[in-house]
Amino acid sequence: RENFIHLCNPHLEKMKEDILYHFALGTGTHDFPTLFGDVKFVCVGGSPSRMKAFITYIAEELGLGSPGCDYPNICAGTDRYAMYKVGPVLSVSHGMGIPSISIMLHELIKLLYHAKCSDITIIRIGTSGGIGLEPGSVVITRQSVDATFKPQLEQVVLGKTVIRSTNLDEQLAKELMQCSKEIGQFNTVIGNTMCTLDFYEGQGRLDGAICLYDEEEKLQYLKNAYDSGVRNIEMESSVFAAMCNLSGVKAAVVCVTLLNRLEGDQISSSHDILVEYQQRPQKLVGYFIKKSLGKV
C-alpha cells in the first residue's frame, strides 16, 4: 500500500462515520470511492473562483468538458471551501494562511484515504511576492522555510512544540521545471519559499497599520532571505509541505510572483496583467497533468 494515502491517526479506524465538517461531506452520507476514487491530481489554491477557473481550464485541456460547461461545487453545503472535479483532477480552495489550509488539508487527506485513492500528486498553485525576480516569474518551491529561513514548521500540539520537515518532492519539482521549459512562455525558477504568519509585518512590509522598523531594516532582511535561497514569500507552503510529507503524498508548490519585494510593497499592476500572471501556474500545472496522462 505504499502508493496509498497514509493516515497518521489510529483513532479514525474506531469511528463508525467520519464527518468532514468543513466540506459538508461524510462517509455515512457519501460514497467516497465512487465520487473520488479515480482522482490522481489534486490542485489547491486560495480563491474559490480561481479554483473553479482552473477546473474549467483543465477540463478543456484534457478534452473532458464542452465549451461553456458549468462545474458544480461539491462543497455547496458549506461556504468554507469550494471543490470541483473533472476526470482524475480535483480542484479545491483553501483560503488564506496556515490555519485555513491546515483545516482543509486534514479533511482532504481523509477524503482521499476514504476514497482509496493511490498515486496522488497534490500541487498548490497560487500567488506570492517575489524577491529578486521580475514580476510574473513562477517559483517552484524546493523547500518551504519559516521567517528565520529554517526548512521547518513549528507547531504547538498539546502544549508541546513539534517540529516538522517542510521539504517538497525534488523529482516532481524537476519535472515541473522541465514542463516550463517546454512551454517556454514565462520565466520559471526552483527556489526556497518563505512561509509567513501574516501579510504585513511578517513579510517586512512598510505599508501595514503597524510598522516599527525602517526601510533599511526591511531591505536587509529581504536581502538576507535572498542570500539564503528564498525567491518568494507566501502564507501556506510550510503546513502544506509538512502534512503532505506525513501522509506520503507527492507534493509541489507553484506560485507566480506579483511584484519584486526589493522594489516595493504594494501590488500596483493593472487588473489585466494580474489576471495573466495568475494564469501562469495554471498553465504550467495543466501542461504537467496533460504530459503525465500522455496527452502532450
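Here the Cβ of each residue, glycine as well, is placed from N, Cα and C on the backbone.
Over in TrEMBL, the protein carries these features:
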type	residues	note
BINDING	Arg80, Arg124, Ile125, Gly126, Thr127	phosphate binding site
BINDING	Gln203, Arg205	substrate binding site
DOMAIN	40-289	domain 'Nucleoside phosphorylase'
Discussion item. Which one is it, among the binding-site residues Arg80, Arg124, Thr127, that lies nearest to Arg205 (substrate binding site) by Cα separation?
Written reply: Thr127
Worksheet, complete the sentence: All chains considered, the count of other Cβ atoms within 10 Å of the Cβ of Thr127 (phosphate binding site) is 21
Fill in: Count of other CB atoms lying within 10 Å of the CB belonging to Gln203 (substrate binding site)
23
Worksheet item: Given Arg124 (phosphate binding site) and Gln203 (substrate binding site), what distance in Å do their CA atoms have, once rounded to a whole number?
Response: 20
Worksheet item: Once the chains shown are all counted, how many other Cβ atoms turn up within 10 Å of the Cβ of Arg124 (phosphate binding site)?
Response: 29
Response to the item:
Arg80, Arg124, Ile125, Gly126, Thr127 bind phosphate per the record; greatest CA separation between any two, in Å, is 20
Item to complete: Only counting partners 6 or more residues apart, tell me which same-chain residues put their Cβ under 8 Å from the Cβ of Gly126 (phosphate binding site).
Response: Gly45, Gly46, Glu234, Glu236, Val253, Val254, Cys255, Val256, Pro281
Worksheet, complete the sentence: A correct count of other C-beta atoms within 10 Å of the C-beta of Ile125 (phosphate binding site) gives 27
Item to complete: Enter the number of other CB atoms within 10 angstroms of the CB of Arg205 (substrate binding site).
Response: 17
Worksheet item: For Arg80 (phosphate binding site), which residues of its chain lie six or more apart in sequence with Cβ-Cβ distance below 8 Å?
Response: His22, Phe23, Gly95, Ile103
Worksheet item: Hey, how far is Gln203 (substrate binding site) from Ile125 (phosphate binding site), Cα to Cα, in Å?
Response: 20
